[in-house]
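According to Swiss-Prot, the features are:
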| type | residues | note |
| --- | --- | --- |
| BINDING | 39-46, 174-180, 199-203, 268-271, ALA324 | GTP binding site |
| BINDING | SER46, THR180 | Mg(2+) binding site |
| COMPBIAS | 374-389 | compositional bias 'Low complexity' |
| DOMAIN | 31-356 | domain 'G-alpha' |
| LIPID | GLY2 | N-myristoyl glycine |
| LIPID | CYS3 | S-palmitoyl cysteine |
| REGION | 34-47 | region 'G1 motif' |
| REGION | 172-180 | region 'G2 motif' |
| REGION | 195-204 | region 'G3 motif' |
| REGION | 264-271 | region 'G4 motif' |
| REGION | 322-327 | region 'G5 motif' |
| REGION | 353-403 | region 'Disordered' |
Amino acid sequence: MGCYQSRVQVEDKTNEQLDKYLVQAGKEGLLDFRILLLGAGESGKSTVVKQLKSIYKIQVDDDELHSYAVNIHKNTVLCMQVLLEAGETLGIELTDPETKKRAINVKSFQFEPEVKQMPVSIGLDIEELWRDEDIQKIWDRRSEYWFLDATPYYFENIQRFLDDDFVPTEEDCIMTRVRTTGISVTEFDEGPVHFRVVDVGGQRNERKKWIHCFDDVKALLFVVNLAGYDQVMFEDPSQNRMQESLTLFGQICNNPIFSETPTFLVLNKKDLFEQMIQKTDLSKCFPDYKGGSDVKTALEFIQMKYQQKIQESNKPLHTFHIAARYKKDIKYTWEEAKGILLEENKKVLMKATKDLKKSSKQSSKSSLGNSTQNNSNNNNNNNNSNNNNGQTTIDGATAKINS
């Protein structure tokens, strides 16, 4: 009985050592999963990051909340100024005298460095302008000029934004457009695995920085704005957003440095796409499309277009159709992608356990002898005889620790 009990204690100790080893291995980079988040400008990469932070309960501090509030106010004003400028370009005249006055007020307003909030008068002008029929005519032709996808959200929530005690909600933060400049890294742990999600600005002038992020990447997440098939770029109004995205995807996935890197294609803004496809045919972007307004057919066609950009025909492409503004979509996508990554890196996990067995074999034998002598002090461990059944599970990747 004493010998059996001692063996159980040694097994428990080995399992404990394994857990500590894997955690340490993660800290040292052995289980450091670096994931590169790429995509053209305004594809929704930053929204994906915000949702991951929420899922892993990474708190937004007061300074960040304040920054979000400031950007919400600035975005709201910018969106109406863009609409008014587009109306002039398109030759759509504002016929109502009151509307003209409000338009002049909004167009002439500028945020000064010390001004962090739009005045109530400007906010009310914007709210009334959004209701105007001529402004809606401009909005109906939004495929002809650059705009923010969240434009209606800002205008529909403007009363709340104007409140003196306004604090952005989680949805407000998700919907806030903050242009990514430089390189942003979001880190979180899951078990012994340390994830680093690297987000780099998607605008053309930011892409030269991407090369600095290409080393030691475990996976590529390429985010696409589905609604971009009927939108133009901020940097170049003559260029279609989706065509730009396709070109960029081809350049990235065919780079030799990523020949063995798992690639995930995230077709984002599905909610907007489902609305747009009913009004604007996909053939506007792809003349060879013949599927009409059927959402499923259109999504499969777009997915095929991206698949065709991969020169290695046998390279798998894992694809998701989502709306990143909804946490459940990101949670599902992340769980699926994470499972694939851990499965493909199972050899690393197994090597970690193999190294541990070698280093702990001698200490286990000596522990067995010492534990036998102290048998009478260890009666409370009898119920642990089947602990872990010789396995430890790391998010679906099972590592055996017994020969």
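Cβ coordinates come from backbone N, Cα and C, glycine included.
Distance from the CA of SER46 (Mg(2+) binding site) to the CA of VAL200 (GTP binding site) is 9 Å. SER46 (Mg(2+) binding site) and VAL178 (GTP binding site) are 8 Å apart (CA-CA, integer value). Only residues 6 or more beyond the boundaries of the region 'G1 motif' (34-47), in the same chain, are considered here, and those with a CB under 8 A from a CB of the stretch are 148-149, 174, 177-180, 195-204, 206, 210, 213-214, 216-225, 228, 233-235, 241, 244-245, 248, 252, 266, 268-269, 324-325. Neighbour counts of Cβ atoms within 10 Å were taken for the binding-site residues ILE174, VAL178, VAL200, ALA324; the minimum is at VAL178. Residue counts for the region 'G4 motif' (264-271) under DSSP (helix as H, G, I; strand as E, B; rest coil) come to 2 helix, 5 strand, 1 coil. A Cα-Cα distance of 10 Å separates ALA324 (GTP binding site) from SER46 (Mg(2+) binding site).
For the binding-site residues SER43, SER46, the largest tally of other C-beta atoms within 10 A is found at SER43. For the region 'G3 motif' (195-204), the mean pLDDT of the prediction comes to 76.
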